[in-house]
Amino acid sequence: MGAKESRIGFLSYEEALRRVTDVELKRLKDAFKRTCGLSYYMGQHCFIREVLGDGVPPKVAEVIYCSFGGTSKGLHFNNLIVGLVLLTRGKDEEKAKYIFSLFSSESGNYVIREEMERMLHVVDGKVPDTLRKCFSEGEKVNYEKFRNWLFLNKDAFTFSRWLLSGGVYVTLTDDSDTPTFYQTLAGVTHLEESDIIDLEKRYWLLKAQSRTGRFDLETFGPLVSPPIRPSLSEGLFNAFDENRDNHIDFKEISCGLSACCRGPLAERQKFCFKVFDVDRDGVLSRVELRDMVVALLEVWKDNRTDDIPELHMDLSDIVEGILNAHDTTKMGHLTLEDYQIWSVKNVLANEFLNLLFQVCHIVLGLRPATPEEEGQIIRGWLERESRYGLQAGHNWFIISMQWWQQWKEYVKYDANPVVIEPSSVLNGGKYSFGTAAHPMEQVEDRIGSSLSYVNTTEEKFSDNISTASEASETAGSGFLYSATPGADVCFARQHNTSDNNNQCLLGANGNILLHLNPQKPGAIDNQPLVTQEPVKATSLTLEGGRLKRTPQLIHGRDYEMVPEPVWRALYHWYGANLALPRPVIKNSKTDIPELELFPRYLLFLRQQPATRTQQSNIWVNMGNVPSPNAPLKRVLAYTGCFSRMQTIKEIHEYLSQRLRIKEEDMRLWLYNSENYLTLLDDEDHKLEYLKIQDEQHLVIEVRNKDMSWPEEMSFIANSSKIDRHKVPTEKGATGLSNLGNTCFMNSSIQCVSNTQPLTQYFISGRHLYELNRTNPIGMKGHMAKCYGDLVQELWSGTQKNVAPLKLRWTIAKYAPRFNGFQQQDSQELLAFLLDGLHEDLNRVHEKPYVELKDSDGRPDWEVAAEAWDNHLRRNRSIVVDLFHGQLRSQVKCKTCGHISVRFDPFNFLSLPLPMDSYMHLEITVIKLDGTTPVRYGLRLNMDEKYTGLKKQLSDLCGLNSEQILLAEVHGSNIKNFPQDNQKVRLSVSGFLCAFEIPVPVSPISASSPTQTDFSSSPSTNEMFTLTTNGDLPRPIFIPNGMPNTVVPCGTEKNFTNGMVNGHMPSLPDSPFTGYIIAVHRKMMRTELYFLSSQKNRPSLFGMPLIVPCTVHTRKKDLYDAVWIQVSRLASPLPPQEASNHAQDCDDSMGYQYPFTLRVVQKDGNSCAWCPWYRFCRGCKIDCGEDRAFIGNAYIAVDWDPTALHLRYQTSQERVVDEHESVEQSRRAQAEPINLDSCLRAFTSEEELGENEMYYCSKCKTHCLATKKLDLWRLPPILIIHLKRFQFVNGRWIKSQKIVKFPRESFDPSAFLVPRDPALCQHKPLTPQGDELSEPRILAREVKKVDAQSSAGEEDVLLSKSPSSLSANIISSPKGSPSSSRKSGTSCPSSKNSSPNSSPRTLGRSKGRLRLPQIGSKNKLSSSKENLDASKENGAGQICELADALSRGHVLGGSQPELVTPQDHEVALANGFLYEHEACGNGYSNGQLGNHSEEDSTDDQREDTRIKPIYNLYAISCHSGILGGGHYVTYAKNPNCKWYCYNDSSCKELHPDEIDTDSAYILFYEQQGIDYAQFLPKTDGKKMADTSSMDEDFESDYKKYCVLQ
């Protein structure tokens, strides 16, 4: 088997050549060249596929390949020819020698028995019994003994049966020549075969414009209108659409064009009659006649200037005149015969025929029969265009006058119109074509010197365009200013159709039309009109070339111009070496349309990728700041011509599409010099306005992979050039440069920057008075200083974008996890940023020790006040005042019912989104009755099995589960049958379908099967199997115990092809019960082949079928069953339409079935009964009354070629009806959730699992428990984090769930813990001194809160303070108030409080309320660090009862009010919102003071309820995948306008344009807050010295630069 040389040495190459003809040799050489290219060797895989075919078993094919001399290098052509000649034309003696060589030893002198048996096992799977006779005298034999034995035992094994027994089943040449599709179609129309071949190319190009894949009215209308009026477009479409399926197939368009342009006059009139017969009832009613007259008059006005009487008559008079003269039935309508008599001499009808004649040739692609017809068609079109003049937005094409004159002589363009009867419809009598002035004279004066010809359809240039490639070419979206949207633009450099100009052709009427000189012109040559390009760069546009300016080109002398449809027709008929499209634009000064001959010729530069220097390991962790030593090189990459009237946006979109670059990843710069570039970011400016002239350089900038912009990075690296960015802009509308996947940072910074009270704090410089450079857990003030500097730049109003180098450097220094070029989580960066700002600005320089006490049954107000006081004793800053709130965490022991309550600070709410626990699946059900398949939509559990899928589908489609067969269809065949116990997979190789299969029914007599009885039961237990050679079936009996109602159509035992060779394994029983599978198949013919078996290769198409089949099924029943299912795809014409407008000779449906059934293997390529060496494509199943014993084979539905091309509706294959469940399922899957549902889920109760058991202080052991989170107090600035990234089932996934959230008047008060009013009878407390660390609490009144329940949610970020966690929870992520929030759907629960039990406070005076806080960058967790810290927190001074109870739902609710030494001042450090009044009584050492009598009566006062109403002011959005994607920010400026911050780009946009679907972090601001109250007074305070901080940064940056 491993022979390295050919085993056919006994047959020379020269001898083999003598046995093949020259034609055969040329075909074999061409086939070899097509298959192997320029190589002289054919690989093994190619040999098996192209020469032998897929039907040959792989082991056998490998043996043949090696015996021919094939090696790892390949098989030489000479050896291939020798082998093919031996197999097909070799003598028996030569074949015997060949077989001997297969089994012989290396020396080739003898065959060893052991080696032969080994090879037979590989090839055949067994050793024949007769082999022992061959080796009866020894273990090896020579050729003579082997030959004698072989000729006596020709059926011994596969090779002998193939080559010596029964003749050769494959030949070198296949002489059979079945009629081609074109020949068949030519026989049923008046078109020649060449016309049909030419027309097919045009048809597929037109059909490719369809949005649905069908040549429907939506596609047809824009192609023909104009010049066809829209009122006639539908009628014209219906005239082509014979079978009324809203699709014009190629047969229909061929017959229609034949009837309209080439048929007898009566047939043409019949075609027009169909156009006007709207209701298709065979007559023209009075209404239809009126519409016809209106349309015909419009056609006349569009195409002629002649005056006719009908133009001055009343419509009713015209209609009545026609009826009076031609209504032979006197029933008020015209029959077809009446219409034909009227239209023969009517000029209106003749003019409509002329128009249809033009459209059919120019638009639909029919080639004119004579040059004279061609000239009249083009002339008529141009005359009509000349009356309209130039229309802005249309494209015209320039043609060299030299070629145009030659063409005009060829078609006799200037001669008098030629009347060709009756083959030409251009016979308008005296109203035929007049001798008007040249059609272009009226538009000649409007030719300008500029315009745009940018085409969004990519032009395909090729030196030689084959008919196959042209026919399959699909056009894009048409010209940018296309007159016929969707039409193709087929420009090629060379496509010359050379016909003999001196030949005789028969016209449609049999008259001889003699084509005499002048000669037919060649391809259109426009080269003399253009200049040679001095720049050698790829042109991105399709202008074809720059026209010469010197000498000046003159219209009519140097060039002619034609509209786009005429150009396409001429190009289709002649070809061209150069297309010169020029669009029509309106002059900006005169507003008159003109042709722009000389558009702007632009030169486009691209950045040359710079090699990145390996950074030092020391400094790479200090932020990815660009190196200043990497100059950016820009090189000329492309050229392009654009209209001076085009906008930057249009050019940007075109370049993006042409270069296949996302629009958001590309920018354009105006290049003035190496050091002076201008960003073209105003998309509405036109080139003319920007004064961009010819040969202007533009830079195409493309984002780096790390999302940074090369030009920006270059500017940053050379900081002296950044000054050019300093241009006036709106304050705050400044972008941030991407420094390498830093959009996550930019997005968070922009959100925080648009937090107005915080920004005013930094802009006013107050942060410099509060820098805490000694905080051990801070950043020595660097974070606050760098952020403050950046904010001042962002709000200076002098720069369009800045580079956050210092802040990026600082973040990377203190948090290396944010370093590198990887995408990060913007929420994590936001948490780090807020925490860093808080610690750097913390007014508490010496943090006291605090102890966290257990709630131990104490009232919530007391525990909350204690926790909040502890928090404030260690954390006070502008960040605490604005962003911090308080959460209530309750854990309840399920053993003893003990409740432990904790109150923890937060700086944003992290709400997990409910992960999709359902999958959306759409499945198509195909029934046996042939009805249109129906698509159903299902919503299944993520772990659902196919059993559940079938059950749900059964409820929808009405079939029993036993009748549903699920199959994965791929490549028009069934690839897999999912098992019921398998889990449903969304990702399959093909698409999932459900087939109806027959089910057992009560027995029916086998003697009376009907066409619809697919489940008839057998009356006998007989079934058939095949003999060992696969030739004849023989009956066997079913063993006892098998069901006798429905018997499998398989064999009990099947040795496929008589052998078990690994290619066709034996199957014990049919895998199908009561049915078989059928596949659609057609034969694809090729003229270049090696063996006859490969000339016609099978190709599967369409959807496979399930065909009922039992042992009682007749062969005719199989045909009936198949026809029932496919008849909708190939329906014959209705009887009344059998005689169509083209003389229809199609007999493809004349016989009973348009297909033949054959028995095939599963792959559908080869026969299931015949051995492989017969190269059988499938044994035919005759349509008779015999029983059909198919076995376990498949059935191929071999379509008759004529029926396939003329009747089969390919577009109907994928047509399905959508069940209402599809829309319902899609809606349910994509249905958004609202923010309230997320909050309800967040505040719902959940059970802690066994791995997160709670240590109960009562039980003194770990117990199961439930946990619940609630909101206690809310901050002025509420940040809501939608947790799209979650860790589920061991992997991180992103939720694409859409969350709907309010932009204005968001009220979260319903989710605050309701207070008990009975506990609100108290007096406010006063601090013991004037120090800020001793808070004073004022009573506040609060509104009633409706108690609402919620379901589980997820993490909440808390403070870095030691009060982070309950000490009772086991160290587990789920043990925290945050991570124990599950991400499932919410489960409603109820609270005990009623609306009437909401708290009120009795404070007498207006108090300034402390805002909730979280000062930590760490999430709530049960880590050991937090657990230990929580034990250290003692109970501090207890805050006032009123504030603790009543203000939780109000801004800063439940917060102790801190009073500065300056009474009545607004203290930013304390986060007060309202001015306070000092209260008389206080507390000492945490003990409550006495309540005043005055305060005790406050409960009688009217409630002053203040709701925490919020407005949205910023959104951070994430688009794309997990671990990548992109962040952008939408924020509201103080000018009340919304802006989109996309890294360095900042653009104003309408609020409706905000992409809320991808929202990730929401920023809300409470209504009515006074920013000034957050600004601390700096009188008497000293500003921190930050010079050393600046020096540190400069020093570190210089070290970095040196290392670069």
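In case you wondered, yes, glycine gets a Cβ from its N, Cα and C as well.
According to Swiss-Prot, the feature domain 'EF-hand 1' maps to 91-126. The domain 'EF-hand 2' annotation in Swiss-Prot covers 228-263 and rests on sequence analysis. Sequence annotations record features per position, and here Swiss-Prot assigns domain 'EF-hand 3' to 264-299. What Swiss-Prot records for Asp277, Asp279, Asp281, Glu288 is Ca(2+) 2 binding site. Summarising the annotation, Swiss-Prot assigns domain 'DUSP' to 369-585. Summarising the annotation, Swiss-Prot assigns domain 'USP' to 734-1567. Swiss-Prot lists Tyr1173 with the feature phosphotyrosine, giving a large-scale study or a structure entry as the kind of evidence. Positions annotated as region 'Disordered' by Swiss-Prot: 1343-1362, 1367-1431. The phosphoserine annotation in Swiss-Prot covers Ser1350, Ser1372, Ser1376, Ser1454, Ser1588. According to Swiss-Prot, the feature active site, proton acceptor maps to His1526. Marked as cysteine methyl ester by Swiss-Prot on the basis of sequence analysis: Cys1601.
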Asp281 (Ca(2+) 2 binding site) in three-state DSSP notation: coil
Residue from Tyr1173, His1526, Ser1588 whose C-alpha is spatially nearest that of Asp279 (Ca(2+) 2 binding site), among the recorded positions: His1526
For Ser1588 (phosphoserine), the one of Asp277, Asp281, Glu288, His1526 that lies nearest, given that the recorded positions are compared by Cα: His1526
Residue numbers, six or more beyond the limits of the domain 'EF-hand 3' (264-299), whose CB comes under 8 Å of its CB atoms: 229, 231-232, 234-236, 238-239, 244, 256, 310-311, 315-316, 318-319, 322-323, 332-336, 339-340, 343-344, 348-349, 351-353, 355-356, 422, 425, 508-509, 1141-1143
Distant-in-sequence neighbours of the domain 'EF-hand 1' (91-126), which means Cβ under 8 A and at least six residues beyond its ends: 1, 7-8, 10-11, 57, 59-60, 63, 67, 134-135, 139-143, 146-147, 150-151, 157-160, 163-164, 1059-1062
Cα distance (Å, whole number) from the residue listed as 'active site, proton acceptor' to Asp277 (Ca(2+) 2 binding site): 58
Sparsest Cβ surroundings (other CB atoms within 10 Å) among the binding-site residues Asp281, Glu288: Asp281
Cβ-Cβ neighbours of Tyr1173 (phosphotyrosine) (radius 10 Å): 21
Tyr1173 (phosphotyrosine) - helix vs strand vs coil (DSSP): helix
Count of other CB atoms lying within 10 Å of the CB belonging to Asp279 (Ca(2+) 2 binding site): 10
Three-state composition of the domain 'EF-hand 2' (228-263), taking helix and strand from DSSP: 24 helix, 0 strand, 12 coil
Between Asp281 (Ca(2+) 2 binding site) and His1526 (active site, proton acceptor), the C-alpha gap once rounded to whole angstrom: 61
Whole-number Å value for how far Glu288 (Ca(2+) 2 binding site) lies from His1526 (active site, proton acceptor) (Cα to Cα): 59
DSSP residue counts for the domain 'EF-hand 1' (91-126), split into helix, strand and coil: 23 helix, 4 strand, 9 coil
For the Ca(2+) 2 site built from Asp277, Asp279, Asp281, Glu288, further residues of that chain with CB within 8 A of the site's CB center: Phe276, Val278, Arg280, Gly282, Val283, Leu284, Ser285
Distance from Glu288 (Ca(2+) 2 binding site) back to the residue listed as 'phosphotyrosine', taken between C-alpha atoms, in Å: 65
Cβ packing number for His1526 (active site, proton acceptor), 10 Å threshold: 21
Secondary structure at His1526 (active site, proton acceptor), reduced by DSSP to three states: strand
Packing count at Ser1588 (phosphoserine) (other Cβ atoms within 10 Å of its Cβ): 10
Ser1588 (phosphoserine) in three-state DSSP notation: helix
